[in-house]
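K.L.:
According to TrEMBL:
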type	residues	note
TRANSMEM	B:21-40	transmembrane segment
DOMAIN	B:136-366	domain 'ABC transmembrane type-2'
TRANSMEM	B:171-196	transmembrane segment
TRANSMEM	B:222-246	transmembrane segment
TRANSMEM	B:252-273	transmembrane segment
TRANSMEM	B:285-305	transmembrane segment
TRANSMEM	B:340-360	transmembrane segment
Amino acid sequence: MQPIVTNALTKKFGDFTATNAITFEVKQGEIFGFLGANGAGKTTAMRMLCGLLRPTSGEARVAGYDVYTQADKVKRNIGYMSQRFSLYEDLKVKENIRFYGGIYGLGNEAIREKTRQLLQKLEMEAEADLLVSALPLGWKQKLAFSVAILHDPSIVFLDEPTGGVDPITRRQFWDLIYEAASRGVTVFVTTHYMDEAEYCDRVSIMVDGRIQALDTPRQLKAQFGADSMDDVFLKLARGK
Amino acid sequence: MRQFFVFARKEFYHIFRDKRTLLILFGMPVVQIILFGFAITNEIKNADIAVLDQSRDYYSTRLVQKLTAGGYFRIDRRLQSHRTIEDAFREGRIKMAVVIPPEFGQSFFHLKKAQVQLLADAGDPNTATTLINYASSIIGNYQQELNGQTQLPLTIDTTVTMQYNAALKSVFLFVPGVMTLILLLVSAMMTSITIAREKELGTMEILLVSPLPPPLIVLGKVVPYIVLSFINALMILALGVFLFGMPIRGSMVLLLMECVLFVLTSLSLGILISTVTDKQQTAMMASMMGLLMPTTLLSGFIFPIESMPLPLQWLSNLMPAKWFIIILKDIMLKGAGLEVIWLQTLVLCGMTLLFVAMSIRNFKTRLS
């Protein structure tokens, strides 16, 4: 069974159709890039998959659960990190980890063990008692990602996770994503950076609420006769 | 339940690490009570008066002694003639003049009628009225005392008794007023700001994606403020009782329960504000302008509702604070029980339910 399956998923706000009958599947352990210009309907689609918005029509199953009737089960099995900060700046690193572990129902013992592993992996043991506001941006983002998958979700949704970060930190961030995917976590990521699209296993491009292209970056480039994903994106956006 | 405690603990971290929040929570109530209690006060202590005693008999001397004995009045000068009264006022030192006509004692017992003239500087009408009230009540007492000696009612006069607050202490009005304001401010403003903050920072989205049910998110944010507001209420009551000698004549349990009720009303109002705003600034302005101003002006805290124009009197019914101030005064000063204040209690309960219902409706429309 695929982690994400949608069939003609549609969301209307009044007369405006934000997401128009999108149908796609995401495979287990895949890094799935979800691209589109601002206002193309990416965020709306993502919010429906996370159980934040109720679809107008169509079907969607996430982690095997129906987004209409089993939103609570969906929420329990996904991780989420948004472009804006998911961490509390006035809480210490340790306290943030404990808080998110706690709201996902992890026990004290599990949280302690997870905290130790996480800090070790990020080499942040010395910063455990610092307020998050004292950390550099790149560290905050890596920490936010690690916290988003603290409860071992089968799918993690990343909404423009690398906004405003320098290329080196972005590269390091993607190492974390690869590492998670290699452990079988399915990664659903939206991004503005076309170089990041190249890192994805498969990419979908939304234009005006519809999915206009969906394939591996290599095949998309071949299909549109483009050198880079940037070209593919521009051709699609202009060709409408 | 565990999730709830995790959440509430996080909320306490936010509160205790933000100096501004702490200052509003615990600094402001103390400063306000002390300001209102000591500085901004209507009550009179040691007002300077002039006395023109043309009688100079035993009874008139006693009367003057009575006037100055309570600590309200202090004799600045003794006058010799009517002509000097005007001059005394003009100098600006005295607030009131007492004129006792010749043969005061004699008139009282033989003509069964004696007169005392009180002249007050009505440039400040509030003070003048208060002074005249004080003086009349002292003279009234004196008269009763004289009648008591002779066992005969010699004069018929209306006696004014300032029920429940005999000394007309303004702090008795200010303690319930400030308490109401502080609870409203802390509960409504702080909750609306704290929820707006989660939205502004984007953490609200993370919370909504988590398995936490939305009511638990709101509860987790609100419960710490219920606790803190309740501590605040206790603090203000303690200041009122121990610093200003405010009585609590009614049931303490009832009083505290009414406090909890009002905190809930204010919190639900704060939640309602937070459902229509996404920014901390907006939440703060909405609470300040939309709540604080009308509450201060219309709740009867500063201006008596009875002397407002009729439309404003109707409007004042919409202020939760108005009802709570009545409840506080009734319990603390009159010792009233639930049988007296059931209507006010019911109004507050109704308002709370209404605010909660409106919040839920707003929240649902945002989600779909």
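Any Cβ shown, glycine's included, is placed from N, Cα and C.
Please go over these features one by one and say how buried each is and what sits next to it.
P.N.:
Outside the transmembrane segment (B:21-40) by six or more residues, the chain places 14-15, 171, 174-175, 177-178, 181-182, 185-186, 189-190, 228, 232, 235-236, 239-240, 243-244 with a CB less than 8 A from a CB of the stretch.
Distant neighbours of the transmembrane segment (B:252-273): 180, 183-184, 186-192, 195, 218, 222, 225-226, 229-230, 233, 237, 283, 286-287, 290-291, 320, 324, 327-328, 331-332, 337-338, 341, 345, 348-349, 351-352, 355-356, 358-359, 362; these residues of the same chain sit at least 6 beyond its ends, with a Cβ under 8 Å from one of its Cβ atoms.
Here the transmembrane segment (B:340-360) has Cβ contacts under 8 Å with residues 258, 261-262, 264-265, 268-269, 271-272, 275, 320, 323-324, 326-327, 330-331, 334 of the same chain, all six or more residues outside its ends.
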